[in-house]
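One structure below.
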Amino acid sequence: MNPNQKIITIGSICLVVGLISLILQIGNIISIWISHSIQTGSQNHTGICNQNIITYKNSTWVKDTTSVILTGNSSLCPIRGWAIYSKDNSIRIGSKGDVFVIREPFISCSHLECRTFFLTQGALLNDKHSNGTVKDRSPYRALMSCPVGEAPSPYNSRFESVAWSASACHDGMGWLTIGISGPDNGAVAVLKYNGIITETIKSWRKKILRTQESECACVNGSCFTIMTDGPSDGLASYKIFKIEKGKVTKSIELNAPNSHYEECSCYPDTGKVMCVCRDNWHGSNRPWVSFDQNLDYQIGYICSGVFGDNPRPEDGTGSCGPVYVDGANGVKGFSYRYGNGVWIGRTKSHSSRHGFEMIWDPNGWTETDSKFSVRQDVVAMTDWSGYSGSFVQHPELTGLDCMRPCFWVELIRGRPKEKTIWTSASSISFCGVNSDTVDWSWPDGAELPFSIDK
């Protein structure tokens, strides 16, 4: 091949390569243009697609969080006894599982579910940080909640509020939580509605502001709670707060110079609120306060000679004022009023937190004798108990035409009565039924000490 032929051949090859490159570039440009056109077309239809997606998500959300107003206008359901509702076995499970060290558990229900609320100690059972958790008030305590009947663990629990004293309730539209924390001489109650801070209440007597350790009560969109500030062994200050969507709309201080109200157990009944409380000053029977939605109130003591506090004397002649015998100190408790009659929940022991029983005194709200017609045992005298409190299931949850009364019992284990480094509790609960029930004991059942205690 002569030089001219070589030049022509090389030139032809370059021309072909150039043409191929040009065709590829043109194809690339066309491809980009088509892709851009498709994206532009998609953007032009975004409103329709997104509208479909939003409609679907909104429909699902509404289905899961249907809002109602819990009116609280129903009367308590007629009942013959108490059926076991839940038992969490948290200390038994906590010997080998990740379970919170807690105290002061309580239950509250919305129109969709019931949850167990509790005050953690910022520690797990059988762990070094459980040491010293006998202490009531510390910066590590928090109000948390989990589905009723489940052992409270980091995996199923929801943080509610930093607190060493607390209450919570649902108005049908959202959860109200009240968490008190801070120093004894200046604690603050933080109110949250659906998890958002809405209000704070400062200690007004600077002597350990404290609240119910059980559910607040909601009526027609308003929720009501009672707080105490002042001595635990003398006259203190007691206030009722009316709260709407987390904001305090009204409050009053009780005029109760010879009464002592702590750790009240409250429930709605025919549009009003009834609270049965602890007298830690001088009463072995329980004080009560009843009020309407305007906070017009009445006060008194359960008259029955079947005494409800601990410590307490032998049953005998009661009083519609404080029964002073063995009246000092006390334990959180509850009762349910039915006209002149009353269901009284109490420890079986007169002097220690052992056992638990329900007593029906058909005239006990107004009469002072100690005659009763029903006794139902739920925790044996030989087993530990502790605090107890009321909660209700609204008709919007149960489908009944009345308010179902329920109660929970705290089963305290550990210090100061047992040889452990920790103090914690499990819980059981019962609801009133108008059918057959049974006497039995549903104890905590954990075998102590744990390995951390040895």
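Every residue gets a Cβ built from N, Cα and C, even glycine.
Marked as transmembrane segment by Swiss-Prot on the basis of sequence analysis: 7-27. Residues or ranges marked as topological domain 'Virion surface' by Swiss-Prot on the basis of sequence analysis: 28-454. Annotation comment: Swiss-Prot describes N44, N58, N73, N131, N220 as N-linked glycosylation site. Sequence annotations record features per position, and here Swiss-Prot assigns disulfide bond to C77-C402, C109-C114, C169-C216, C218-C223, C264-C277, C266-C275, C303-C320, C406-C431 based on sequence analysis. Sequence annotations record features per position, and here Swiss-Prot assigns active site, proton donor/acceptor to D136 based on sequence analysis. Among the features that Swiss-Prot reports, Ca(2+) binding site is placed at D279, G283, D309, N329. Sequence annotations record features per position, and here Swiss-Prot assigns active site, nucleophile to Y387 based on sequence analysis.
Positions of the features from Swiss-Prot, shown on the structure.
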residue	record	contacts (Cβ under 8 Å, 6+ apart)
C77	disulfide bond	L400, C402, M403, R404, P405, G432, N434
C109	disulfide bond	R115, H170, F391, V392, Q393, H394, L397
C114	disulfide bond	I107, S108, P147, V148, F391, Q393, L397
N131	N-linked glycosylation site	I421, W422
C223	disulfide bond	C169, D171, L176, C216, A217, K242, I243, E244
C266	disulfide bond	Q212, S214, E215, C216, A217, F224, T225, I226, V273, M274, C275, V276, S390
D279	Ca(2+) binding site	S259, H260, Y261, E262, N285, R286, P287, Y301, D309, P322, G327, G330
Y387	active site, nucleophile	E104, E213, E263, V331, K332, G333, V409, E410, I412
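C218 (disulfide bond) and G283 (Ca(2+) binding site) have their C-alpha atoms 28 Å apart, to the nearest angstrom. Distances between the Cα of N73 (N-linked glycosylation site) and those of the recorded positions D136, G283, N329 are shortest for G283.
Taking the Cα of C431 (disulfide bond) as the reference point, the closest of the recorded positions D136, N220, G283 is N220. Here the Cβ of D136 (active site, proton donor/acceptor) has 15 other Cβ atoms within 10 Å, regardless of which shown protein chain they belong to. A strand conformation is recorded for C109 (disulfide bond) in the three-state DSSP classification. Of the listed disulfide-bonded residues C218, C264, C277, C320, C406, the Cβ environment within 10 Å is emptiest of other Cβ atoms at C320. Per Cα geometry, N329 is the residue among the recorded positions N220, C303, C320, N329, C406 nearest to the residue listed as 'active site, proton donor/acceptor'. C406 (disulfide bond) and C264 (disulfide bond) have their C-alpha atoms 15 Å apart, to the nearest angstrom. Between N220 (N-linked glycosylation site) and C320 (disulfide bond), the C-alpha separation comes to 31 Å. Other residues of the same chain near the Ca(2+) site, with their Cβ within 8 Å of the Cβ centroid of D279, G283, D309, N329, are H260, R278, N280, W281, H282, S284, N285, R286, R312, P322, G327, A328, G330. Considering only the disulfide-bonded residues C264, C277, C303, C320, N329 (Ca(2+) binding site) has C277 as its nearest partner by CA-CA distance. Counting in whole angstrom, G283 (Ca(2+) binding site) lies 11 from C277 (disulfide bond) by their C-alpha atoms.
Other C-beta atoms found within 10 angstroms of the C-beta of C216 (disulfide bond) number 27, with every protein chain shown included. Around the Cβ of D309 (Ca(2+) binding site), the number of neighbouring Cβ atoms within 10 Å comes to 25. Each of the disulfide-bonded residues C169, C303 was scored by other CB atoms within 10 A of its CB, and the lowest score goes to C303.
Summarising model confidence by region, the topological domain 'Virion surface' (28-454) averages a pLDDT of 93.
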